[in-house]
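A short write-up of the structure that comes next.
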Amino acid sequence: MAEQVDVVVIGLGVGGEETAGRLAQAGLDVVGIDPRLVGGECPYWGCIPSKMMIRAANLVAETRRVDGMAGRATVEPDWAPVARRIRDEATDNWNDQVAVDRLVGKGVTFLRERATITAPGTVQAGDRTFEASKGIVVATGTVPVVPPIEGLAGTPFWTNHEAIEADTLPASIIVLGGGAIGLELAQVFARFGVAVTVVEAADRVLVLEEPESSALAQEVLERDGITFRTGVRAEAVSYDDGFTVRLGDGSAVTGEKLLVATGRRTDVRGLGLDAVGVDPSARFVAVDEQLRAASNVWAVGDVTGIGAFTHNAMYQANVAVLDILGADGAPRARYHAMPRVTFTDPEIGAVGLTEQQARDQGLDVRTAITQIPDSTRGWIHKAGNEGFVKVVMDASRGVLVGATSAGPVGGEVLSGLAVAVHAAVPVKELQQMIFAYPTFHRAYGEALKNL
Ligand SMILES: Cc1cc2nc3c(=O)[nH]c(=O)nc-3n(C[C@H](O)[C@H](O)[C@H](O)COP(=O)(O)OP(=O)(O)OC[C@H]3O[C@@H](n4cnc5c(N)ncnc54)[C@H](O)[C@@H]3O)c2cc1C
Ligand SMILES: NC(=O)c1ccc[n+]([C@@H]2O[C@H](COP(=O)([O-])OP(=O)(O)OC[C@H]3O[C@@H](n4cnc5c(N)ncnc54)[C@H](O)[C@@H]3O)[C@@H](O)[C@H]2O)c1
């Protein structure tokens, strides 16, 4: 006998947890279903533990910068407190009881099951069936892509899960993929003494960002001792105590461990999307600007294929919640000012379009770039001051459509640029601003002058 509810939320990562909690707090009868940990990738195997690792690795690097600037310091990196902090403080030893209690406390009925949509408005989970009068929210996220490389399947390779759970570090590691996950973890491992080789099939790392970002990231990570092999594909993997990866140019790289960080994909097998008219074979669940995927079906977060970031999942959850509640003036999702930060040291923040994306859209593009070491604050900062600010202007509208802020606290410096792109603040207006001296963000004041 089906149980009557208002909404069923399938998947309780950041997007689903936020959606379910908000709808329940608004008084709806909500069921939230997830076979794994409430909170999903971000708190247990993603953003939070990886940023704890980065904090530790940056402390090591900053200590090494004392010599020549503030005396002498030595640091003996030790992974044990990092692993302990991730186990004890970030993940409660990968136990989500606190998150479950928080969700249930908001009034959500929680089931630790895998959900299947069996008919419009109907969801099966374990031996229970729910009929949702208002609808279903799909928030099932993504899983790591494991490329079809000969010999890879069946080897004990790492994904982000094993990398985040590691109690001890290997002597050496091959990182397949030079995206955000690959670079952030590669730098952490290198700073803790691991010999790291990054293999990236494209001709540059951070391929979706400005080429200047790719060059900077590779240059500073090489100074951390990381070896890069770009523009070559991994063709075969063998494992015998350690890994050997044969590359397209006939060469090979070896490592005690292999981290596969070659992107993410949805895993909607058995979810029953076809029962509600959503194509289960599409790469992502297509949504409109109210996050509607089909009649009485919404989708939020990574499963939508739009900006695989926690802040985007939260943003989309808000739009979907207000649409489901039929709120007056419910917002429509707009992604023209999507911010993102790769938390390497230096941080590489960006918002909106890259120069190439703007040109591909046929815009009348004008750009300007300033180097952080040439700014007063960058010069004062000295060791670890690498970075730049690049702004991308649509000259016909006189507004910024994109910007990159790389450097110490590059992700924080991004905030002003994000406001400018989001609100289409006229560049003429931005050029009249007073920028505090001597801050890092004065660098974009200088860039704006050159537009
Ligand atoms: C190493 C790493 C670092 C990252 N760092 C950052 C960062 O610094 N900043 C940032 O913004 N983003 C970061 N991200 C990305 C961020 O983690 C994701 O964008 C975010 O987790 C997406 O949330 P989500 O709710 O869409 O999906 P997920 O967090 O993937 O949650 C989806 C949930 O759905 C469940 N599910 C799947 N199928 C079913 C089913 N059939 N029935 C029920 N439940 C199901 C899963 O068990 C899972 O719990 C990082 C990711 C990784 C891997
Ligand atoms: N700081 C952050 O916000 C943050 C941090 C980590 C992850 N994330 C999110 O997680 C998502 C996944 O990250 P990711 O780094 O796995 O994916 P990604 O798509 O950013 O990068 C994957 C890289 O692997 C390369 N690649 C693919 N197949 C390959 C092969 N066979 N051999 C060598 N290289 C190959 C691709 O060219 C690409 O550069 C990202 O989209 C990002 O949004 C965000």
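Each position is counted from 1, following the chain as shown.
Cβ from N, Cα, C; glycine included.
For 6-317, the entry in TrEMBL reads domain 'FAD/NAD(P)-binding'.
According to TrEMBL, the disulfide bond annotation covers CYS42-CYS47. Other C-beta atoms found within 10 angstroms of the C-beta of CYS42 (disulfide bond) number 21, with every protein chain shown included.
Here LYS51 (FAD binding site) comes close to PHE343: these same-chain residues lie at least six apart in sequence, with C-beta atoms under 8 angstroms from its C-beta. Residues or ranges marked as FAD binding site by TrEMBL: LYS51, ASP302.
As annotated by TrEMBL, NAD(+) binding site applies to GLY177, GLY178, GLY179, ALA180, ILE181, GLY182, LEU183, GLU184, GLU200, GLY263. DSSP assigns GLU200 (NAD(+) binding site) to a strand in the three-state reduction. Taking a C-beta cut-off of under 8 angstroms and a sequence separation of 6 or more, GLU200 (NAD(+) binding site) has the following same-chain neighbours: GLY177, GLY178, GLY182, VAL207, PHE228, ARG229, THR230, GLY231.
Per TrEMBL, the feature domain 'Pyridine nucleotide-disulphide oxidoreductase dimerisation' maps to 338-447. For the domain 'Pyridine nucleotide-disulphide oxidoreductase dimerisation' (338-447), the model gives a mean pLDDT of 98.
When Cα-Cα distances from ASP302 (FAD binding site) are compared across the recorded positions CYS42, GLY179, ILE181, LEU183, the shortest belongs to CYS42.
In this record, NAD(+) is bound by GLY177, GLY178, GLY179, ALA180, ILE181, GLY182, LEU183, GLU184, GLU200, GLY263; the longest C-alpha to C-alpha distance in that set is 14 Å. In terms of local Cβ density within 10 Å, LEU183 ranks first among the recorded positions CYS47, ILE181, LEU183. CYS42 (disulfide bond) is 17 Å away from GLY179 (NAD(+) binding site) when you measure Cα to Cα. With DSSP classes pooled into helix, strand and coil, the tally for the domain 'Pyridine nucleotide-disulphide oxidoreductase dimerisation' (338-447) is 38 helix, 34 strand, 38 coil.
Ranking the binding-site residues GLY177, GLY179 by how many other Cβ atoms lie within 10 angstroms of each Cβ puts GLY179 at the bottom. In three-state terms derived from DSSP, GLY177 (NAD(+) binding site) belongs to neither a helical nor a strand segment and is classed as coil.
LYS51 (FAD binding site) carries a helical DSSP state (H, G or I).
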